[in-house]
Amino acid sequence: MSAKRICLKSLVRFGLLGILALIVVFVYFTGISARLWNCHLQARERVIPFLKGAKLDQENQQENTTISNFNDDDLLIRLMQNSKMLEELFFYHLKNPKIELEERDLFKQLGLQLQQTIRVARMLYSDIEKLYSNAFREKQQELEKLNALAFSFISNSQNPSNCSSAKKLFCNVKHHCGLGCMMHHYSLCLFIALGTNRVMIWDLNQVTEYPGLQDAIKSPSHCQSSKEELASAPEWRSPQETEPTPSDAPIVKVTGYKNSVFAPNTVPSQFLPRIELVLADPLTWWTGQVMNYLFRLKESMSKEVEDFKTKTGFGHPIVGIHVRRTDKIKEANYQDLNSYMEYAINWYDQYVIRHGNVRRKIYLASDDPAIMEEAKSKYTNYQFIFGESACSDVYSRFTKNGLFGIVKDIFLLRGCDYVVLTMSSNIGRMIQEMRQTSLQDATFHFANLDYSYHANGGRDIVHEVLLYHNPLVHCDRKARRHTDGSCELTMKVGDRITNYPMMKRGTMLGGFNQRTNQVGMYPAFKVKTILVPESYPISMVENDVF
């Protein structure tokens, strides 16, 4: 083993021990209040034996995953993931609305008393981030190559030399929903088109809610078909259905969700062995490649984005915040501006440790015009750049100018160094998907305030259990059927948990244990995502040539 590898492994071990020490200090001080202590059952279960000097029981010893089970690359990724979870754990309990007011105040007071510990935590996280960034530089060339290969595969498949002989798929989207929702429906069609070797055709004139969309983004293909051909095309049915569509049908159409193996939350088997060595979230990387291709700006719109940057002083470093209000508050919990800004402030505090003082810029995109004044009045030491969509009401979103404002928001947020958003929003998920196609691991450069990442119409995200989990307080049989976050799952190593995105609470995920048939919560750090490969019609990847 080289001296560099030995040094790297030593630094990683030091980082893991540092995180463990911080968790112990964190839980010890939060245990001052008996009632608040009861809010951390899963933390108490892990830390009390450690504080008392007790050893893990035999079952846990046998099933516990140790550092030696991971190679250096896996270790660094998990180190970054666990560091990010520790940050999220603190912020979640700081603003958790289920904690009574006096307990929340106590938690804030404890936070003030632990300022020195927080400073140490920031320094530790900064060191871990630097360690990961240095190691990631060696992977950037491979990531750049894989990004180019993915784009080449998609572009070549959608732009054949002979359009008349190419099989086609008409994406007949009839859903009436927001722009992010519409684009995700179109992406489902492109997944199927790529997997079945067809050219996807759309008719953006169908999208009456967003006039002018065809003037903002490029068509996926130069091939076209007549309206008569598209209207008479049979509905596509997958080979998994009872009457699948013949594979030689010249034109098919897709309306609504389909039972297809070519869907979000899968990765082409030709790419997976390489991309999983580079990024922490290969599933979102492939979805991001599909979305990034679909949402390419036309030259005129790209110029508008660049002109906006010049006019407003949009430059790096900059944090992006996407606040979705209006109709979205009917679907997800309300998040105040402070919740977003806590992450932005913390990111800048981390940034100055490594780079020195900078002008703290925030790009704030929202459909709520009132948020602009709130931001300027509360956070006077930050320079806010406001997206054009925040200057208009909800009805103007469905005009050409309103649409262009949302499109610019998406691309400006995509280009930020760090973003704070919500996964309940289609736009929020779309931004994070597209950010995965950059030359950094976007998994560690964003904060999410609500649901787990998910893709409507995609395959379920399934987690494999790495660490045994035995809750201190077991739920009764009735509670195990609930999805309100009140029950923790019992888990054994190797269990498979189908993730339920809406159940997420801080670092606790929610889902269905396929072994026990129970629904409940489980700690994110005790599981890993199962990566699902699918064989797309890609001829060559190993030789890096298409």
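The backbone N, Cα and C atoms fix where each Cβ goes, glycine too.
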>> Of the ranges 206-227, 228-249, which one does TrEMBL flag as region 'Disordered'?
In response: 228-249
> Near the region 'Disordered' (228-249), which residues from the same chain, at least 6 beyond its ends, have a CB less than 8 A from one of its CBs?
Replying inline: 167, 169-170, 172, 192, 196, 201, 203, 255, 258-261
> In the region 'Disordered' (228-249), how many residues does DSSP put in helix, strand and coil?
Replying inline: 4 helix, 1 strand, 17 coil
